[in-house]
Every structure is written in C-alpha cells, then in structure tokens.
Amino acid sequence: MLKEVSVLLLLLVFIIAAMASDPDPVMDFCVAKSPENVFECKNSSAATIEDFTFSGIKFPGNFKKTGFSSVAVNSNVFPGLNTLGVSFVRADFDVGGINVPHYHPRATEVAFVLEGKIYSGFVDTKNKVFAKVLEKGEVMVFPRGMLHFQLNVGDGPATILGSFDSQNPGLMRIPNAVFGSDIKVELLEKAFGLNSKELAKLKKKFSS
C-alpha cells in the first residue's frame with residue numbers, strides 16, 4: 001500500500017511540474033499571415049529579414065499637442081514578435097508631460113529611461129505608492145496589473161523604452177476608462193462628488 005501511495009505521489013509531482021512549465025515551441029517562429037490573422041503562420045520559406053526588424057521607433061513621437069506620445073511595438077507592426085510572448089513601447093514626454101495612471105492587465109512592464117528625468121511609480125492593492133525620480137540609464141519594473149504613472153520632471157524632453165512579457169499586454173488608461181466610457185452619469189457624480197457641469201467637461205475631454 002505504501003509503495004502504491006509513493007508511486008501516485010511521484011506521478012502527481014511530475015504532472016504538476018509538466019503543467020507548470022511552458023510548452024516547447026514546435027517551430028522556430030510564427031510570422032502571422034496578417035495582423036487580423038495572428039493564429040495562422042505564413043510559410044517559413046516566405047519569411048524575410050524585414051519580418052524580424054522594426055525601425056518605427058528610431059525617432060521621438062509627436063508629443064507637442066498633448067505633452068506625451070507612445071508607439072506600441074507589437075506583432076501588429078512587427079510580425080516577427082508573433083507567438084514569442086513579448087512586446088515593446090517607446091514613450092516620449094515633453095517638459096511636464098505625463099503618462100496618465102494606467103495598467104496592463106496581461107503583462108509586467110520593465111521601463112528603461114533612455115533620456116531625461118521621470119517621476120515614475122505604481123500603486124499596490126493596499127494603496128501604497130512606490131515612486132521615485134528616475135534618471136537616464138535607470139530602470140523600474142511595474143508588476144502585472146498594478147496601476148502606474150510617469151511625469152517628466154526634467155528641464156528637457158524625456159524618453160522611456162518599455163518591454164512587456166506579453167504579446168498583447170493590454171492597456172487601460174484610468175481617466176479614459178472612467179470618464180470616456182458609458183458608465184452612468186449618476187454613478188460618476190456620486191462616486192467622485194462631481195456636479196453635472198464638471199462631469200460633462202471631463203467626459204468631453206476623455207471621450208475617444
């Protein structure tokens with residue numbers, strides 16, 4: 001009986017280990033046939049070096065209108081990333097520019113300050129803020145699903161490069177999600193103590 005239990009426990013350990021590990025890839029890569037069809041790979045013989053290189057973030061984005069711009073680098077624009085579980089973003093800030101509080105529901109982000117000084121931080125589920133001013137060459141991690149934010153506190157433009165451990169990290173900007181959505185006005189008025197005029201102004205600002 002003891003021997004049978006030992007064998008069962010050993011099998012259970014192997015099953016748990018197998019379930020906890022990522023499956024081995026069955027192909028070298030999977031370049032999507034199109035951004036609309038990421039589940040079907042084009043023939044590997046049709047892949048080119050252009051599928052595995054991207055030059056769309058060589059230069060700063062246009063942040064003059066809002067003070068902030070970002071360029072997402074995912075499989076939609078960089079086919080070679082398809083199925084690899086990673087993606088990227090370049091964010092540029094004018095002086096005083098902000099990346100509003102937001103979160104990525106499907107990914108942890110690692111942010112590297114390429115240029116400038118950025119007040120950067122996140123809030124955990126106990127509402128504790130982890131934040132500091134990052135300078136050129138410094139790195140910060142935002143755990144998956146944590147609300148985070150950035151503000152250029154330097155006297156010149158700033159740039160951050162962010163990497164994600166997901167092909168599709170998702171993005172929820174809090175002001176847009178709250179005031180730019182179809183949540184009932186009555187609820188927002190009570191939740192934030194706003195009058196109808198103030199709320200209408202916010203909804204106009206953050207509506208897509």
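Including glycine, each Cβ sits where the backbone N, Cα and C put it.
TrEMBL labels come from automatic prediction, so no person has curated them.
The following features are taken from TrEMBL:
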type	residues	note
SIGNAL	1-20	signal peptide
DISULFID	C30-C41	disulfide bond
DOMAIN	55-200	domain 'Cupin type-1'
BINDING	N99, H104, E109	oxalate binding site
BINDING	H102, H104, E109, H148	Mn(2+) binding site
Long-range Cβ environment of H104 (oxalate binding site), under 8 Å and at least 6 residues apart: F142, R144, G145, F164, S166, P169, G170, L171, M172
For N99 (oxalate binding site), nearby residues of its own chain (Cβ under 8 Å, 6 or more apart in sequence): F68, S70, A91, F93, F149, Q150, L151
Distance [Cα-Cα, Å, rounded] between C30 (disulfide bond) and H148 (Mn(2+) binding site): 32
Cα-to-Cα gap, C41 (disulfide bond) vs H102 (Mn(2+) binding site), nearest whole Å: 32
Alpha-carbon spacing, H102 (Mn(2+) binding site) to E109 (oxalate binding site), which is rounded to whole Å: 12
Distance [Cα-Cα, Å, rounded] between E109 (oxalate binding site) and H148 (Mn(2+) binding site): 10
